[in-house]
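Student: Please read through the structure below; I'll follow up with questions.
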Amino acid sequence: MLGQQQQQLYSSAALLTGERSRLLTCYVQDYLECVESLPHDMQRNVSVLRELDNKYQETLKEIDDVYEKYKKEDDLNQKKRLQQLLQRALINSQELGDEKIQIVTQMLELVENRARQMELHSQCFQDPAESERASDKAKMDSSQPERSSRRPRRQRTSESRDLCHMANGIEDCDDQPPKEKKSKSAKKKKRSKAKQEREASPVEFAIDPNEPTYCLCNQVSYGEMIGCDNEQCPIEWFHFSCVSLTYKPKGKWYCPKCRGDNEKTMDKSTEKTKKDRRSR
């Protein structure tokens, strides 16, 4: 009885091994066919693309020649005929450009289809345990809760201040309107104005009562904030709108409570108190 079971197991293993070998052989054959035929198909498309490009260059030269004749021609009838030639040449150049785009699209689809075909065939040899692990990982990734949008508690470290300055600097660069087109510049200005209005009148959020408060307004952190460079500042962080800032200033910056004559200098009395504490 035991011998029959062993023979059945051996037979099943042999069948599985034979089936796997057959699938592997088929995969290798299909792979070789795809790899061998792909260069020929690509070369044919490249040759067609080169021919279209030559015709396109000839058409552009024809357009230049006709346009030069048109500028020098004084006869109205002759100018009208040249206009028709110029129009036909422009239409021809557009058609050639469309054909070139179509050929390039065909080349891209050809490569993608071959790669997709090989990937589909390779799944036959994937380890079942590995497939199960990949499936479980995908389920875990999809079931993870979304990250909280609440700003983390700020700490009094130079590293956190630098990171805040870097983030504000990047956002400030995005807010500056580019000098390309008037329409884009107007849209940028509208978005920047709307952003400033949102910062001036923040929306009521579900606030944690234990969350720390900052700024002169004694509210929680939101939007863009800047840190006072006075290490002894009791408030430390300020909203841009509360201190009349639209972008992060260069160099050091002191809050209204710690500054001296201007926002770049510290109050002398505050600086003196700081030195006295160090001497103690």
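Glycine is no exception: its Cβ is also placed from the backbone N, Cα and C atoms.
Below are the features I grabbed from Swiss-Prot:
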COILED    48-120  coiled coil
REGION    122-204  region 'Disordered'
COMPBIAS  181-193  compositional bias 'Basic residues'
CROSSLNK  Lys195  SUMO1 cross-link
ZN_FING   212-261  zinc finger
SITE      Tyr214  site 'Histone H3K4me3 binding'
BINDING   Cys215, Cys217, His239, Cys242  Zn(2+) 1 binding site
SITE      Met225  site 'Histone H3K4me3 binding'
BINDING   Cys228, Cys233, Cys255, Cys258  Zn(2+) 2 binding site
SITE      Asp229  site 'Histone H3K4me3 binding'
SITE      Trp237  site 'Histone H3K4me3 binding'
REGION    258-280  region 'Disordered'
REGION    264-280  region 'PBR'
Student: If H, G and I count as helix, E and B as strand, and all else as coil, what does DSSP give for Met225 (site 'Histone H3K4me3 binding')?
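Tutor: DSSP call for Met225 (site 'Histone H3K4me3 binding'): strand.
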Student: Nearest to Cys233 (Zn(2+) 2 binding site) by Cα distance: which of the recorded positions Cys215, Met225, His239 is it?
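Tutor: Closest recorded candidate to Cys233 (Zn(2+) 2 binding site) by Cα: Cys215.
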Student: Let me check the 10 A CB neighbour count of Asp229 (site 'Histone H3K4me3 binding'). How many other CB atoms are there?
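Tutor: Asp229 (site 'Histone H3K4me3 binding'): 17 neighbouring Cβ atoms within 10 Å.
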Student: Near Cys215 (Zn(2+) 1 binding site), which of the recorded positions Met225, Asp229, Trp237, Cys258 can be found within 10 Å, Cα to Cα?
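Tutor: Within 10 Å Cα-Cα: Met225, Trp237.
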Student: Other than its own, how many Cβ atoms are within 10 Å of the Cβ belonging to Cys255 (Zn(2+) 2 binding site)?
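Tutor: Cys255 (Zn(2+) 2 binding site) is surrounded by 22 other Cβ atoms within 10 Å.
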Student: For His239 (Zn(2+) 1 binding site), which DSSP three-state class applies?
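Tutor: Note: His239 (Zn(2+) 1 binding site) is in a strand by DSSP.
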Student: Select one residue from Cys217, Cys242, Cys258: among these binding-site residues, choose the one with the most other Cβ atoms within 10 Å of its Cβ.
Tutor: Cys258
Student: Tell me, which binding-site residues from Cys217, His239, Cys242, Cys255, Cys258 are within 10 Å of Asp229 (site 'Histone H3K4me3 binding') if we use the C-alpha atoms?
Tutor: Cys255, Cys258
